[in-house]
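Here the structure comes first, spelled out in structure tokens, and everything after it is commentary.
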């Protein structure tokens, strides 16, 4: 079965080779469907293949790719998002710029898929770096002044992150038994300077994860990138930093006991909480929907960073926290991808009534807030369940209050989308455009997938488990508070 995993993951490169070698014009629709097909073999592998390990000792320093309970849900989320965004691109992108976009899109996709299944350090870092640097081409695709400025910030911070990662890896490699990811936590925990090397790797991968202070590229890159690229930047690529943290940091009772991580853990928790709330404040004053979503991603990644800090603080909780983080990453990736694609829908006369677009985008927005019976409600239930075991009452309160920050951002987003829909209607007078069907259907598919995806996973969770009175109260009061604040501010502005 391992050769099927290999074929599935390298298929985007094969598609790229066809376009490059034969100079195939990606403009005709029959050629563009090759681009859409690129993530499908990996998606099918995630669905149909059993747990599989691919080993190639002669490649790099010993290549090991693995499809397992950790990588499978992340692979399914990522490939689903790339597939839907590819369909969206059929109707969204201008034909004359499609060749350049195709090059960077397929390279980014390949790097993203590789890092999800890589178990050896060499191929993981190769996939991470390829995804990062190919992503630059997506950010500057429009070649506008804003895009080029965002690209400079993006590539500068990307290089800084790569330097920090390489410094940490080079320093720790002599102490490792084999250059495999699963040996890194133990090597870091036993190293005499392990806490500093851990900080280096945390910061290096934190650039991609949008850690507070290393996040500056995010609100600049997302608004200027093409909408399908923004969807995968925020939905899939940003998770690469989290995935790296989960595999290389000294987490769990087997590793955390060797070094004093208490101070470092509290720093991580503080950075996560600060990102959750400060990003909401800055996001709520943005004038562009994609900028609001970019700050929302920083805020949501802050929640995941906080949970990672809890795992460093209390290693005995790591097994449950790992499940919660994977579920939350899958939920956030799909919901945020749907919202970014929805921005593109709002700017095109896609033959959907005004109210239908708002209702459609309201579904993933409510999921991000954590409404019960949604994927977000289930993911946040798992997250809070782990935090409750810490008995840290202030942390529990702040994480509950974070739902108010998310609500504030989603209200601002829907408000801006409402205005954008009015502008689009006035500009186009409802005239249909070629490709509108691709855009509409892609957004509908994204919303459907984001709504049901988390219930496919073998979690010890039922729909009714998120419907307790306590859970409902903890969900409703932050939403009500944020709604009251937002409406009050809007009324004051109007007066």
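Backbone N, Cα and C atoms are what each Cβ position is placed from, and that goes for glycine too.
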With the ranges 54-73, 74-93 to choose from, which does TrEMBL describe as transmembrane segment?
74-93
Tell me if the transmembrane segment (100-118) touches the transmembrane segment (230-251). I count contact as 3 or more CB pairs below 8 A, with pairs 6 or more residues apart.
yes
Contact yes or no, the transmembrane segment (74-93) and the transmembrane segment (194-218), 3+ Cβ pairs under 8 Å, gap 6+:
no
Long-range Cβ neighbours of the transmembrane segment (320-343) (under 8 Å; 6 or more residues past either end):
70, 73-74, 76-78, 80-81, 84-85, 88, 222, 227-228, 230-232, 234-236, 239, 242-243, 246, 251, 289-290, 293, 296-297, 300, 303-304, 307-308, 310-311, 357, 360-361, 363-365, 367-368, 375-376, 378-380, 382-383, 385-386, 389, 413, 417, 420, 439, 442-443, 446-447, 449-450, 453-454, 457, 459
Pairs 6 or more apart in sequence, C-beta under 8 angstroms, 3 or more of them: is that satisfied by the transmembrane segment (263-285) and the transmembrane segment (394-417)?
yes
Go through the chain and flag residues at least 6 beyond the ends of the transmembrane segment (124-141) whose CB is under 8 A from any CB in it; none is fine as an answer.
60, 97, 100-101, 103-105, 107-108, 110-116, 118, 147-148, 150-151, 154-155, 158, 161-162, 165, 169, 181, 208, 221, 224-226, 229, 233, 237, 240, 244, 247
